[in-house]
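Q: The domain 'G-protein coupled receptors family 1 profile' annotation in TrEMBL covers 19-275. Summarising the annotation, TrEMBL assigns transmembrane segment to 6-31, 38-60, 80-98, 119-140, 160-182, 219-239, 259-278.
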Amino acid sequence: ASSALGAILAVLASLIIAANALVAIALLCLIQKSGSKGLYFVLNLAVADAMVGFTVLGLVMDEFSQPFYPPQIFCVLRMAFVTSSSAASILSLILVACDRHLAIRKPFHYFQLVTGLRVGVRLVGLWLVAAIIGFLPVLTPGFQKTSTGKKCSFFGVFHPTYMLTVFCVGFFPALFLFIYLYCDMLKIASVHVQHIREMEHAGLAGDCPPSRTTSDMKAMRTVAVLIGCFTLSWLPFFIASIVQTVCSECFSYKVIENYLWLLGLCNSLLNPLLYSYWQKDMRLQLSQLAAGVKRRVL
């Protein structure tokens with residue numbers, strides 16, 4: 001069973017790293033062409049998801065090295081890196097949603113508001129918050145559990161109080177923020193559609209180009225897909241973990257760590273695939289990269 005889990009983690013980690021590395025290369029090319037600062041948030045999402053894959057590779061080594069009972073500080077640091085990279089991925093999703101929300105709410109002031117300095121400050125703040133979330137048990141030993149001589153795992157090294165704090169302070173506020181942003185985007189888009197219809201009835205439809213509404217719908221579609229996959233991937237893990245911290249006999253730790261956590265990790269693989277599928281510019285850039293590689297190989 002340990003070897004099977006290790007094989008699944010190895011394949012998943014490899015796919016996560018490969019997919020996000022390819023998307024990151026395509027995004028760098030798009031940034032050079034368009035100069036759009038908002039793409040840096042998507043690039044940061046790809047980097048964070050790739051880091052999730054790299055941290056999982058460390059757990060793969062543990063699975064194939066059974067029996068392997070590392071010291072407690074080793075497990076705490078390893079799981080801190082896993083938690084930090086996962087937190088950075090979730091926070092990057094929030095920044096992407098906020099960026100699309102700002103583009104819809106204030107389209108005429110978007111490029112003045114989203115400057116290189118502001119983007120850099122937000123990204124630095126994002127990684128600082130992610131590091132604090134992940135390494136809080138290292139800084140606060142009270143959030144650590146006494147080592148039981150088992151392999152590294154969330155529930156093996158982190159105290160239930162820390163797990164409950166992260167879930168209630170981190171995950172659910174992020175989910176509520178996603179829902180609020182999307183509902184507000186729907187409201188703004190409906191106002192735009194109503195305004196266009198009013199102008200059509202007045203015979204002024206030619207003065208209001210439909211590209212604006214089309215771009216709004218594309219942004220809403222992208223955000224909706226990312227939010228939906230985020231919820232489906234992580235919600236079962238977080239709910240089961242909260243129940244586990246309250247009632248230790250309600251769930252098996254192995255079910256949460258071997259299955260529900262794997263489902264959450266799949267979100268780091270779905271993000272680059274879905275963004276590449278739903279964004280036309282990304283599809284064109286990936287096809288150009290593939291054509292360039294094909295020409296060089298042949």
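For all residues, glycine too, the Cβ spot is worked out from N, Cα and C.
Curation does not apply to TrEMBL; its annotations are automatic.
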Q: Is the number of Cβ-Cβ pairs under 8 Å between the transmembrane segment (259-278) and the transmembrane segment (80-98) three or more, considering only pairs separated by 6 or more positions?
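A: Yes, the transmembrane segment (259-278) contacts the transmembrane segment (80-98).
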Q: Taking a Cβ cut-off under 8 Å, which residues six or more beyond the ends of the transmembrane segment (38-60) line up next to it in the same chain?
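A: Sequence-remote neighbours of the transmembrane segment (38-60) are 6, 9-10, 12-17, 20-21, 23-24, 27-28, 30-31, 78, 81-82, 85-86, 88-89, 91-93, 95-96, 99-100, 103, 114, 119, 122-123, 126, 130, 152, 265, 268-269, 271-272, 275.
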Q: By Cβ distance under 8 Å, which residues at least 6 away from the ends of the transmembrane segment (219-239) in the same chain are close to it?
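A: Beyond its ends, the transmembrane segment (219-239) has Cβ neighbours at 90, 93, 96-97, 100-101, 103-104, 167, 171-172, 175, 178-179, 181-182, 185-186, 189, 256, 260-261, 263-264, 266-267, 270-271, 274-275, 278-279.
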Q: Would you mind listing the long-range same-chain contacts of the transmembrane segment (80-98), meaning Cβ under 8 Å and 6+ residues beyond its ends?
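A: Tertiary neighbours of the transmembrane segment (80-98) are 41-42, 44-45, 48-49, 51-52, 54-56, 58-59, 122-123, 126-127, 129-131, 133-135, 137-138, 154, 166, 170-171, 174, 177-178, 181-182, 223, 226-227, 230, 234, 264, 267-268, 271.
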